[in-house]
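Below is one structure, written out as structure tokens; comments come after it.
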Amino acid sequence: METVDTSERLTRLRQLMQERKVDVYIVPSEDSHQSEYIAPCDGRREFISGFSGSAGTAIISMTKAALSTDGRYFNQASKQLDSNWALLKRGVEGFPTWQEWTTEQAEGGKVVGVDPALVTPAGARSLSETLKKNGSSLVGVEQNLVDLVWGKDRPAPPREAVRVHPAQYAGKSFQEKISDLRKELENKKAAGIVISMLDEIAWLFNLRGTDIPYNPVFFSYALITPTTVDLYVDEDKLTPEVKAHLGQDVVIKPYDSIFADAKALSEARKQDATGAAPKFLLSNKASWALSLSLGGEEQVEEVRSPIADAKAIKNDVELAGMRSCHVRDGAALIEYFAWLENELINKKTTLDEVDAADKLEQIRSKHDLYAGLSFDTISSTGPNGAVIHYKPEKGSCSIIDPTAIYLCDSGAQYLDGTTDVTRTFHFGNPTDLEKKAFTLVLKGLISIDTAVFPKGTSGFALDALARQFLWKEGLDYLHGTGHGIGSYLNVHEGPMGIGTRVQYTEVPIAAGNVISDEPGFYEDGKFGIRIENVIMAREVQTTHKFGEKPWLGFEHVTTAPLGRNLINATLLSEDELKWVNEYHAEVWEKTHRFFENDDYTRSWLQRETQPISK
């Protein structure tokens with residue numbers, strides 16, 4: 001992880017700020033679709049700050065610069081930021097939020113600027129109200145100033161072809177999905193809905209793309225009314241197959257024309273003499289720029305996207321695909337970890353973290369329906385495992401130490417599903433502390449996996465189950481316990497999840513949700529432990545049914561051994577020990593057929609799935 005000298009970039013940015021009479025400028029991580037993962041052309045925050053993590057906000061005043069990020073990235077940011085930058089540790093006492101820092105820099109009637117395409121209306125309103133209290137103001141700066149600094153070196157926007165996602169994997173036609181959406185519009189008495197989240201558009205139309213690394217989406221907007229369907233996308237990306245799939249009912253319009261069309265809709269609504277024209281729905285994650293084009297608060301109803309809610313509840317075909325792809329993915333992981341142990345221990349091969357990650361990708365790519373990785377593989381040895389979202393890079397990454405803990409968080413895209421799995425192994429002799437920490441984390445994973453709870457329970461409520469064993473020791477981890485996972489879509493999706501985010505209190509876990517279960521523990525400078533399975537919520541039978549409501553539990557689909565020599569069986573209850581042994585028996589049963597002609601991997605798998613006892 002190298003530090004980038006940002007002095008020249010900041011000088012140029014401040015010149016542009018001065019020309020536009022902006023005193024403080026905000027650079028969010030997101031693109032104009034509020035995407036978590038972004039295309040290289042949208043990496044503005046990384047370009048201006050040098051920090052390459054996926055989450056964070058940069059704020060630049062005329063004399064200072066600050067970068068705010070969360071606990072996953074404190075170590076990484078401290079290494080990558082140069083002396084021009086202050087690191088604001090989100091959620092840590094003594095550090096201001098980026099909003100507080102911005103307000104402090106803007107005291108005395110100063111102007112704060114931001115590209116309105118990169119923030120939500122709610123975010124803009126909240127900051128604007130805070131700034132007003134000290135006489136300052138927030139303005140939208142439509143021409144992105146970082147783009148001007150970047151100039152001709154900025155990567156070109158992607159122009160790859162869009163593909164049809166067949167019904168055999170989608171499980172439902174796009175016409176049915178739009179029909180369901182129109183029922184929602186009718187229920188809300190809405191004029192229509194403008195959609196800007198890329199995974200929602202890909203899911204709704206049963207299309208996939210490659211515009212953003214690891215996320216099979218394409219740059220687009222959509223406008224759905226009770227009688228029309230408009231898809232805003234660069235038509236050059238649409239193959240004859242895609243056009244035939246969409247048919248005559250979907251009108252294709254230029255990508256950028258959404259803003260002009262939104263303004264026209266807003267003007268038409270203003271002309272309504274009755275003053276009672278229905279509003280358009282807009283996701284509360286859409287951009288401030290889109291909201292302004294539609295006429296702002298008065299003409300738009302900001303809602304949690306009904307498409308996000310529908311997408312999060314997988315249909316039977318999608319759930320079957322998830323089960324199937326996780327077995328193939330598990331086989332790839334088994335082959336990989338067996339290979340890695342053989343190279344490190346038996347052959348004494350020198351391998352760095354990237355060599356190992358590349359090998360895992362090569363193994364995965366042999367499996368049916370493979371369509372690429374779902375995120376950058378986190379291949380980390382020893383102390384690098386404590387960097388929660390560590391990204392190894394050739395030339396600066398570490399050689400894998402066979403006497404240290406090795407943490408690998410990885411995932412893949414398959415046509416029938418998306419995977420995300422973390423395994424922590426030690427190919428030598430782990431210390432008592434490492435075994436204790438691993439076992440406490442494992443107990444948390446099992447606690448979520450075996451949870452039974454009434455319908456209506458949120459992931460916020462479940463989160464403490466995963467942390468309870470660490471908490472008893474005065475330990476914790478600085479990330480969520482679980483996030484939603486797409487079906488051959490984004491590896492991170494909402495609206496539900498397991499963690500302490502306020503939004504998780506608002507959305508209960510529902511049957512059909514696919515979520516990660518990933519507690520961890522990190523000893524800075526020494527090692528990191530995380531165990532992650534993908535689980536699917538489903539209705540379960542209980543002896544009683546208090547309140548006459550359905551009760552839910554989980555089904556795990558990840559099939560890979562847990563790292564047997566790191567488990568301290570004396571710390572497990574009888575039920576937990578039974579769970580581990582049954583899980584390993586299931587892994588063997590589902591995956592050993594892949595290794596009929598690979599004696600080494602088969603024997604490794606047999607060893608790693610043997611029952612353990614106290």
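Note that Cβ sites are derived from N, Cα and C of the backbone, with glycine treated the same way.
Checking the candidates E434, E506, E532 against Swiss-Prot: the one annotated together with D420, E518 at the Mn(2+) 1 site is E532. For the Mn(2+) 2 site, Swiss-Prot records D420, E532, and the single candidate of D409, D524 listed with them is D409.
Neighbour count (other Cβ atoms within 10 Å of the Cβ, all protein chains): 26 for E518 (Mn(2+) 1 binding site). Residues D409, G411, V421, T422, G482, S516, D517, R530, N533, V534 surround the recorded Mn(2+) 1 site, their Cβ atoms falling within 8 Å of the Cβ centroid of D420, E518, E532, which are themselves excluded. The Cβ of D420 (Mn(2+) 2 binding site) lies under 8 Å from the Cβ of S374, F375, D409, S410, G411, I485, V491, S516, E532, V534, each on the same chain and at least six residues away in sequence.
Residue environment of D409 (Mn(2+) 2 binding site) contains 24 other Cβ atoms, counted within 10 Å of its Cβ in all protein chains.
Taking the mean position of the Cβ atoms of D409, D420, E532 as the Mn(2+) 2 site, the remaining residues of that chain whose Cβ falls within 8 Å of it are S410, G411, V421, T422, S516, E518, R530.
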